[in-house]
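One structure below.
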Amino acid sequence: MPPIRRRSIAWIALVATLILLYLYNTSTSPPPSYTQPNLHTNQDDNYFWKSLPVHYPPQSMRPLPTTTPVKYPNIQTPFDEETPEAQTTRQHRQRAVKDVFAKCWSSYREYAWKADELAPVSGGKKNPFGGWAATLVDALDTLWIMGMKPQFDEAVQAAVTIDFTKTDLKQINVFETNIRYLGGFISAFDLSGDERLLHKAIEVGEMLYKAFDTPNRMPITRWDIHAAINGRRQTAPPALLVAEIGSLTMEFTRLSLITGDAKWFDAVQRVMDAMADQQDSTALPGLWPLVVSAKDQVFNIGNTFTLGAMADSVYEYLPKLSALMGGQMPLYQDMYEKAAGAAIKHALYRPMTPNNEDILISGAIKSEDGQITLDPSGQHLVCFLGGLFTLGGRLFNRPQDLSAAIKLVNGCIWTYQALPHGIMPETFHMLPCPSLAGCEWDEQAWKKEVLRLAKDKDKDTTSVDAIIKRDRLPQGFTSIPDRRYILRPEAIESIFILYRATGRPALLDSAWAMFEAINSTTSTTLANSAVRDVTLPREQQPELADSMESFWLGETLKYFYLIFSETDVISLDEYVFNTEAHPFRRLVPRRAEEWQSF
Ligand SMILES: *[C@@H]1O[C@H](CO)[C@@H](O)[C@H](O)[C@H]1NC(C)=O
């Protein structure tokens with residue numbers, strides 16, 4: 001770079017720093033959420049990932065929108081003042097959640113500091129996410145929210161030393177890196193205003209931006225990072241999971257909004273524009289198939305559709321982008337409404353249960369030759385959908401979404417309660433009622449379906465009762481292919497969002513029952529662990545899998561803590577959560593005006 005240029009950048013940086021110092025000394029308000037050129041210019045042109053040669057520079061750069069954010073309807077319901085008894089109960093529960101978190105954190109600190117994960121039974125450590133301290137970064141904002149300031153400060157100091165230019169992994173999962181690390185840093189910055197965290201967010205953002213350096217600027221989602229480090233040319237893959245390409249938008253957009261540098265926004269908008277163009281021409285218009293091609297930018301060929309694993313957050317990020325940007329991109333509401341309409345029509349079913357509960361489960365769909373067939377599966381992961389429909393229903397005034405949300409959340413609560421340890425398994429099947437109006441319990445129909453799904457070669461000679469007993473199927477469940485519980489957050493996530501939106505007190509008790517069930521079943525001496533089989537009889541402790549993914553501290557315990565917090569703590573009208581439960585500041589008109597009045 002010519003020296004004259006470098007000097008002028010140094011000059012701009014100096015001025016920007018002075019302005020920053022001035023602003024931070026004269027104001028105690030949180031960091032502004034509105035685009036401010038030169039506000040956060042602590043970008044380092046010499047940073048490794050930024051200094052690598054670009055093989056396929058973008059032909060144009062889409063600027064950030066400058067329209068004033070719109071005022072959406074409130075997501076949160078106005079809460080009445082709580083009674084002293086309710087307050088005591090709530091605070092007791094909140095304390096219990098924090099105690100569990102503090103125990104896990106202190107074990108992570110002692111046995112696995114700066115590793116991706118603590119092994120919560122053996123006291124070992126694991127590095128499946130690049131070895132960049134995934135648990136530490138994922139838990140930063142939780143530490144802040146729980147008021148654990150000394151631990152937060154210590155964690156930030158450690159985070160500063162993470163080196164995102166080195167890893168032992170051959171392949172980086174761009175999606176996971178984005179939601180956990182980039183999302184974690186952005187959120188911790190949005191909450192604390194600590195510029196060191198923004199600096200780390202930019203480092204991760206620069207690294208991930210390199211995964212877009214392909215001939216058509218579509219990203220590589222399972223990324224040979226060492227090829228990139230060595231300057232080799234790369235191409236986006238012909239087949240990848242739709243969630244992995246479609247869920248980079250919140251983090252990239254927020255990073256652009258904070259820094260004023262549009263390049264991340266530009267990068268993800270190319271993907272979303274292509275997906276929007278093809279949303280109506282898939283085999284199930286409104287939804288995208290599970291597997292898509294980035295290499296050829298084909299998002300509309302394929303027959304399998306789901307809102308569950310491997311697709312989920314694509315849909316999740318549509319209304320969340322509207323919330324994040326204050327509706328500056330009307331495209332997202334449009335995309336959401338098409339997707340929600342198709343999902344409610346085709347993916348949701350009411351299962352047959354002994355008491356004919358009015359609940360909904362979201363299954364998978366095949367659409368072939370104009371034939372749409374529902375696979376009546378269920379997944380713990382798809383429990384996020386109740387929360388999503390709550391947000392979409394509130395933001396865009398769609399009562400049908402909210403009513404689906406309530407039944408979906410009740411479906412997750414019911415499924416937890418139906419299992420002996422009070423915890424839902426990873427995946428299961430149920431028998432759909434002929435219509436959403438419901439159906440009477442039919443023992444014979446249930447058994448017939450159990451037999452049909454049974455994997456046994458000798459199922460003709462095995463009695464169905466023997467299969468039910470052997471597979472430990474509670475009434476209503478027709479198979480349970482994956483019996484684990486891996487400390488997932490989605491059920492409590494949706495209960496939390498629905499609670500903030502409706503204020504229904506029963507949700508607090510459901511949340512507490514879940515928390516007690518999860519804690520007592522997964523507790524280890526050091527922390528909490530995934531378990532292998534939640535279908536075992538109540539008196540039998542499920543085997544511990546010695547695994548504690550970073551989302552236990554980043555998501556699950558955060559949502560449990562927040563539902564027992566005062567209702568203005570991380571208000572859904574000020575923040576929107578990424579798919580790893582990291583709250584980002586929303587653009588709302590009030591804040592923009594506040595900023596302009598500086
Ligand atoms: C969590 O479960 C463990 C094991 O059952 C128990 O010792 C501990 O008290 C529980 N913690 C809370 C806060 O309920």
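Each position is counted from 1, following the chain as shown.
Backbone N, Cα and C atoms are what each Cβ position is placed from, and that goes for glycine too.
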Per TrEMBL, cysteine bonded by disulfide to C383 (from C412, C433):
C412
Alpha-carbon distance [C383 (disulfide bond); E426 (active site, proton donor)] in Å:
11
Indicate whether C412 (disulfide bond) is helix, strand or coil by DSSP.
helix
In three-state DSSP terms, the structure that E426 (active site, proton donor) belongs to:
coil
Determine, using Cα-Cα distances only, which of these recorded positions is closest to C412 (disulfide bond): E176, D312, T579.
D312
Within 10 angstroms of C383 (disulfide bond), Cα basis - recorded positions out of E176, E490, T579:
E490
Long-range Cβ environment of D312 (active site), under 8 Å and at least 6 residues apart:
A243, L381, V382, F384, L385, T579
Given a 10 Å Cβ-Cβ cut-off, pick out the one of the active-site residues E176, E426, E490 that has the most other Cβ atoms nearby.
E490
What three-state class does DSSP give T579 (Ca(2+) binding site)?
coil
